[in-house]
Amino acid sequence: MLSGTLRFLTHSLVKAVLLLDLLTVGCGYVATTCTSRRCLAEMLIKKEYQSQPQYENCTQMIKVPFIEYQTLAVDTKNLRLISRLQAMIVWRDPELGWNTSIYEYNEVVLPVDKVWTPEIHVTNGIMTTMKHGSRDLLVTSNGTVMHSVIINAEVNCEVNLFNYPFAADECPVAIQTWTHDGCGTELEFGELKMVDGTHGDWQTDSVALQKKRDDRNYIMVGLSIKFTNPFITLMLPSILIILADAVSFSLPLGGGERNSFKVTLVLSFTMFLIILNDQLPGDSQCSPIIRIHFCICLVLLVLSMLVSLVLTRVAKDGLNFCCCSKMPSPKKAGNKEDKEDEEAKPDISVVQLNGPEEDRQMLRKVVKFLEAFDTKEQESDKNQKLADTMDKIFFWIYFISATLYFCAMIYVMVRRTCSVNHFDFWY
């Protein structure tokens, strides 16, 4: 009976071992028979390759077959270029490849946070952010990874503003990846395309991929300002104010209308500069010549106002107004007193004359009074003619000088160039 029990136990143990073997083989068979694209993705995710692919030369080549460039804004006050770049990047990671005889797919989609991705940044960017174009990336059977990224960069660009508002310049956007002592990543660029070339007062004329050396790649962005708006808001008002000041010479010197008008022009132009102070471009290596233009316009207006004030005094008192007034002689003082006495009399026609001598004295007084009045009128006319002559001379000098100045200033703004070193961030 004991031997029968042992045989039964032995037989049961053999069955249990056979059943366990069958279960193990069956589970393994089920695991290896899942060859769907989802199973392929899960298999690659479980590898958790979060580090850069390593080769003997310690350098990973990153291909950038396509870049889309867009200028978002140009800050002329702080000399900033705000750009947006959308790039397609491709690299190869052999550890992410698979056998197509088991998994019959050439591509698979993986989460971007489960795979190592290169980082691209702008060298001369003050603020740079790189975002993934999507939450997934594409992997092929030979380990090639394709992904898209979006880079927003605020670049410190010394834009040449000397010719403002007719300014045009080029600004580099340097693109690179991390590398150190022969290890890291290298970029290989392909096609570059520009989108949305107009933005505010500036427009993007051209973009081109260039390089200083193998590890210094940059996008040279050609910029030019649309001068219509700045010319209307900045240049045209100054021209019209100077023109109004020149036309104001047609007003008479007497009465004070001209002087009041010129003072109003000076105050108006000063307020105009104060209001536009925040809109004027910032200072760079080539200072904007429009600041000098406004300074010269203000000097012309003040000079015209001062000359008008002086000529008004010349028309009244002649050129002796700046000298010390001469003291009247006693005789003249006596004559003045006699005149005052005569004026104090109620009426010269009621004076009773007692004889020929008195008649002659009265006639002499009348003649002297008329001669003095005539002399004063002649002197006043002489001063007025002198002031009018000087006024006409100054008007033509002022008009010709202002016209020549504006022609020369516009020529300088349009034609003269000023060089700026845009690559001082590389040393």
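Using the three backbone atoms N, Cα and C, a Cβ is placed for every residue, glycine included.
For 1-28, the entry in TrEMBL reads signal peptide.
Taking H, G and I as helix, E and B as strand and the rest as coil, DSSP gives the domain 'Neurotransmitter-gated ion-channel ligand-binding' (50-191) the counts 6 helix, 85 strand, 51 coil. The domain 'Neurotransmitter-gated ion-channel ligand-binding' feature in TrEMBL is assigned to 50-191.
Away from its own ends, the transmembrane segment (218-243) comes close to residues 67, 69, 71, 74, 81, 83, 85, 123, 159, 164-175, 192, 198, 201-212, 265, 268-269, 272, 276, 279-280, 290, 293-294, 297, 300-301, 402, 406 of its chain (Cβ-Cβ under 8 Å, at least six residues beyond either end). The annotation transmembrane segment is assigned in TrEMBL to 218-243 (among others).
Under the heading domain 'Neurotransmitter-gated ion-channel transmembrane', TrEMBL lists 235-314.
What TrEMBL records for 263-280 (among others) is transmembrane segment. Residues 77, 233-234, 237-238, 241, 244-245, 248, 288, 290-291, 294, 297-298, 301-302, 305 of the same chain lie 6+ residues outside the transmembrane segment (263-280) yet bring a C-beta within less than 8 angstroms of a C-beta in it.
Taken from TrEMBL, the feature transmembrane segment applies to 292-311 (among others).
For the transmembrane segment (393-414), same-chain residues at least 6 beyond its ends with a Cβ under 8 Å from one of its own Cβ atoms are 163-166, 239, 242, 246, 249, 289-290, 293, 296, 300, 304, 307, 311. The transmembrane segment annotation in TrEMBL covers 393-414 (among others).
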Surrounding residues of the transmembrane segment (292-311) on its own chain - C-beta under 8 Å, 6+ positions past either end:
235, 238, 241-242, 245, 253, 258-259, 262-263, 265-266, 269-270, 273, 387, 390-391, 394, 398, 401-402, 405, 409
Grab the pLDDT values for the domain 'Neurotransmitter-gated ion-channel ligand-binding' (50-191) and give me their mean, rounded.
89
